[in-house]
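For 1-217, the entry in TrEMBL reads domain 'G-protein coupled receptors family 1 profile'. If you look up TrEMBL, you'll see 20-38, 44-65, 86-106, 112-139, 160-187, 193-213 marked as transmembrane segment.
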């Protein structure tokens with residue numbers, strides 16, 4: 001799952017680099033193509049980028065679920081997460097990401113498609129939030145139990161603080177990097193002509209850079 005996440009993140013960067021080179025070559029006259037072919041190539045590259053972004057987001061959720069199973073069902077982990085199920089999960093994520101991204105690029109002006117994408121992001125955010133907070137609470141409980149059994153009891157505040165910081169960084173980076181982009185999509189659906197929304201739309205490239213930063217982090 002982590003390897004798939006790494007591949008997704010690398011494809012995000014490769015797709016953006018390919019699009020940048022493609023546009024520069026066209027701009028300087030190195031490549032001469034008909035407008036229809038340019039639009040087709042642009043759609044293909046956008047689909048690659050979008051598919052990589054969606055799969056990256058999906059594998060973050062899959063890794064959270066896998067960690068959750070590891071902690072709460074440790075003795076049954078290898079019977080629950082078999083190699084076959086892992087392969088099926090990975091293949092399903094890649095296939096779903098490719099299909100959904102193709103639909104998204106083809107119908108990107110549709111509010112229904114944008115609402116589905118926003119719902120997907122919110123679902124992943126809530127899923128990760130619930131799972132990681134539950135795992136942190138269990139770890140804190142175990143730490144408290146261990147310290148209470150020692151004589152004299154030792155303080156466990158440092159370990160709890162470390163766990164809280166790790167959790168905050170993990171979810172904070174996720175929300176900061178992905179939040180503006182999906183807030184942008186929400187504004188497109190709710191107030192496309194409002195002056196504030198129009199001003200916010202002008203920072204779209206910055207939001208894409210934040211998504212790439214999430215991949216780097």
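Placed from the backbone N, Cα and C atoms, the Cβ positions cover glycine too.
A contact between the transmembrane segment (112-139) and the transmembrane segment (20-38) is absent, since fewer than 3 of their C-beta pairs, 6 or more residues apart, lie under 8 Å. If one looks beyond the transmembrane segment (44-65) by at least 6 residues along the same chain, the residues whose Cβ comes under 8 Å of a Cβ in the stretch are 1-2, 4-5, 8-9, 11-12, 15-16, 18-19, 22, 89, 93-94, 96-98, 100-102, 104-105, 120-121, 124, 127-128, 131-132, 174, 178, 211, 214-215. Residues 12-13, 16, 53, 176-178, 180-181, 183-184, 187 of the same chain sit 6 or more residues outside the transmembrane segment (193-213) yet have a Cβ under 8 Å from a Cβ within it.
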